[in-house]
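K.L.:
Per TrEMBL, active site, proton acceptor is recorded for Tyr157. Annotation comment: TrEMBL describes 13-41, Asp67, Lys161 as NADP(+) binding site. If you look up TrEMBL, you'll see Ser144 marked as substrate binding site.
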Amino acid sequence: MANSGQKVVLITGCSSGIGLRIAVTLAKDEKKRYHVIATMRDLKKKDKLVEAAGDVYGKTMMLLPLDVCSDESVKQCINNVKDRHIDILINNAGVGLLGPVESISIEEMKRVFETNFFGVVRMIKEVMPDMKKRRSGHIVVMSSVMGLQGVVFNDVYTASKFAMEGFCESMAVQLMKFNIRLSMIEPGPVHTEFETKMMEDVAKMEYPGADADTVRYFKDVYLPSSIDIFEAMGQTPEDIAKCTKKVIESSSPRFRNLTNNLYTPIVALKYADETGGLSVNTFYNLLFNFGPLMHITMSILKCLTCSCLRRRTISPN
C-alpha cells in the first residue's frame with residue numbers, strides 16, 4: 001500500500017526487459033516517491049523482477065497479474081488497487097513481429113495489434129475515468145521510432161505502433177482539459193533478451209508464401225544491416241528506464257520523447273518532404289544500394305559512440 005505522498009505507478013509487461021528496469025528504477029527511487037505496481041501476465045515469470053528489486057520488493061513494489069489482452073483481467077487488476085487510484089500508468093507490454101508479410105498469417109497480425117494497440121486502449125479506458133474525476137494523472141506509452149518512421153520487414157509491428165501514436169495524439173488533446181498528461185516514449189533499437197532471441201529465431205525460419213528473392217533480401221540484406229544498427233545505436237533497458245523516469249518527473253512533460261538522439265535525423269527525413277519520397281528513397285538506397293557502405297558507417301559510428309555520448313541520448317530534453 002502506498003504511503004502518504006507517494007505516487008502510485010502501475011506498469012505493464014514487467015517480467016523482463018524495459019518494463020522490469022522501469023519498475024526497479026522507480027521502486028528504488030532514493031526519495032521513495034513511488035509505490036510501484038509491477039504487472040505481468042504470468043506470475044511464474046516473476047523471479048527476475050523479484051531478484052532485481054531486492055529488498056524494495058514488498059515495500060515500494062508490489063506485483064499483480066495482468067493480461068492486457070483480456071478485458072476481465074484488466075478490470076480485475078485495477079479493482080485490486082486501493083480505491084482504483086493510479087497516478088501514473090506506464091503501458092509497456094508489447095510484442096514484436098518480423099519477416100516478409102506474405103508469410104505472416106492474419107491471425108499473427110491480429111495478435112500483435114491485440115497487445116500493442118488494443119492492450120494500451122484497454123488500460124487507458126480503465127484508468128481514465130478515475131483520473132478524469134480527480135483531474136490528475138499521467139499516462140505514459142512505450143512506443144517506438146517505428147511509430148514515426150516505417151521500417152522494411154517490420155510492416156505489422158510498425159503498423160501497430162503507428163496506430164498507437166495516432167490514438168494517443170488524439171487522446172492527448174482531450175486529456176489536457178482534465179489536467180491529465182500523456183507522453184510517448186520512443187526508443188530506437190534496445191538490447192533485450194527478447195530482441196536477441198527474435199533475431200536468432202527469424203534467421204533460422206522458413207518463410208512459406210514468400211518468393212526466394214524476398215527471403216534472400218530479408219536474410220542476407222536486412223538482417224545483417226539490422227544487427228549492425230543494433231550494435232552501433234542500440235540502448236539498454238536501463239537507458240529507457242532513466243528516460244522514462246525523467247519524463248514522469250518533469251514539471252511539463254513532453255508528448256513525444258525520442259530516447260536516442262542518433263535517430264533524430266532519420267525521423268526528420270519524413271517531415272522534410274511532404275511527398276514521402278525522400279525517406280522512402282533514402283531507406284531503399286541505404287539498404288539495397290549502399291549496404292557495404294552502411295556496414296562501414298555503422299562500424300565507425302559504433303566506435304564513435306562513446307559512453308559519454310550514449311549518456312546524452314537518454315535525455316528527453
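Quick reminder: no glycine exception, Cβ is built from N, Cα and C everywhere.
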K.L.:
At the level of the C-alpha atoms, what whole-angstrom distance separates Thr25 (NADP(+) binding site) and Ser144 (substrate binding site)?
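P.N.:
Rounded to the nearest whole number, the Cα-Cα distance is 20 Å.
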K.L.:
Only counting partners 6 or more residues apart, tell me which same-chain residues put their Cβ under 8 Å from the Cβ of Arg41 (NADP(+) binding site).
P.N.:
Ser15, Pro65, Leu66, Asp67, Val68, Ala93
K.L.:
At a 10 Å cut-off from the C-beta of Thr25 (NADP(+) binding site), count the other C-beta atoms across all protein chains.
P.N.:
19
K.L.:
Write out the long-range same-chain contacts of Ile37 (NADP(+) binding site), meaning residues 6 or more apart in sequence whose Cβ is under 8 Å from its Cβ.
P.N.:
Val8, Val9, Leu10, Ile11, Met61, Met62, Leu63, Leu64, Val81, Ile86
K.L.:
Could you check which of the binding-site residues (Arg21, Asp29, Arg33) sits closest to Ser144 (substrate binding site), going Cα to Cα?
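P.N.:
Going through Arg21, Asp29, Arg33 one by one, the closest to Ser144 (substrate binding site) is Arg21.
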K.L.:
May I ask which residues of the same chain, at least 6 positions away in sequence, place their Cβ under 8 angstroms from the Cβ of Gly17 (NADP(+) binding site)?
P.N.:
Val190, Thr192, Glu193, Phe194, Pro237
K.L.:
What Cα-Cα separation, expressed in whole Å, is found between Gly13 (NADP(+) binding site) and Tyr157 (active site, proton acceptor)?
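P.N.:
Spelling it out, the Cα of Gly13 (NADP(+) binding site) and the Cα of Tyr157 (active site, proton acceptor) are 17 Å apart.
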K.L.:
Could you tell me which of these binding-site residues, Arg21, Arg33, has the greatest number of Cβ atoms within 10 Å of its own Cβ?
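P.N.:
Answer by Cβ density within 10 Å: Arg21.
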K.L.:
How many neighbouring Cβ atoms, not counting its own, are there within 10 Å of the Cβ of Asp29 (NADP(+) binding site)?
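P.N.:
Result for Asp29 (NADP(+) binding site): 17 other Cβ atoms within 10 Å.
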K.L.:
Show which residues of the chain containing Tyr157 (active site, proton acceptor), separated from it by at least 6 in sequence, have their CB under 8 Å from its CB.
P.N.:
Gly96, Leu97, Leu98, Val112, Asn116, Ser144, Met146
K.L.:
Starting from the Cβ of Gly13 (NADP(+) binding site), draw a 10 Å sphere and report how many other Cβ atoms land inside it.
P.N.:
26
K.L.:
Neighbour count, 10 Å Cβ-Cβ cut-off, for the residue listed as 'substrate binding site': what number do you get?
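P.N.:
Its Cβ has 27 other Cβ atoms within 10 Å.
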